[in-house]
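Copied from TrEMBL, the annotated features are:
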- 1-17: signal peptide (SIGNAL)
- 56-76: region 'Disordered' (REGION)
- 56-69: compositional bias 'Basic and acidic residues' (COMPBIAS)
- 118-257: domain 'C-type lectin' (DOMAIN)
Amino acid sequence: MKELTLLFIVGLTMVSAASLKSLDTEPGMQAEDKKAVLKMMLKSLIQNALEDDAKDREVEMQAEEKEMQANDDTEMEREMEAEREEKEMDEMQAQEIAARDMELENAVDPCPTYWVHFQGSCYRYFGDRVTWEVARESCKDHYSISGQAELASIHSQQENSFAYDLFLSAAGGSSLAGHTYYGAWIGFFQPTASSTGPFQWSDGTSASDFDSWLPRQPDNAGNNEGCTHFWRRNAGDDTLQSWNDAPCTLDFPYICKVAPNN
Ligand SMILES: [Ca+2]
């Protein structure tokens, strides 16, 4: 408004001087007429100045508005970016937690409930006394995520000791009373009805890498022994941890084996 006032004064001076001078040169113009013309010119000058000022203000406001808009946009972008980052972080954390849970679960228990982990396999002793065939079918009723269980196959001295200890601890120490040929079925068998021919593991694993026969076994006594069990007729046999072939129709507890969950 100050500028406008200044403009007005300067304009007034200039217009007065110039116009009066030019008006002076107009022949026959009366003083009243000159005044009226001067008034009109001044009015027009003020009008123009006011319009210019309004225009300037408008431009200024538009610029301000634009700047505010730009600031808003930047702020919004920042917020969106922050939200995106937070979401990504949450997803990463969720994935990490899931991976850790899985790792923990596998580390703690790779086997189904009640099954015992040993060197990459899961084992379970079952105390009911049944024939070899029934024992095998009973194993097959059990699963891990990796597949169906079978009667245990044994491929090393360590695995043999582990399986024997599993049976021994579950069977109850040195109590042998009333348990002739006390022991537990494992998966070694002769598939032919006459109980001849090579033994094989019911789970299809190699039959040639390990065995733990008692001395003079397998003897196929009575030409009728096609299935294998841990031999335990007296406490001394616990140190041997050895096998005997026996009629498949005898009733023994049994040991099943299944691949772990992972
Ligand atoms: Ca035998």
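The backbone N, Cα and C atoms fix where each Cβ goes, and this holds for glycine too.
For the region 'Disordered' (56-76), same-chain residues at least 6 beyond its ends with a Cβ under 8 Å from one of its own Cβ atoms do not exist. Across the domain 'C-type lectin' (118-257), mean pLDDT in this model comes to 90.
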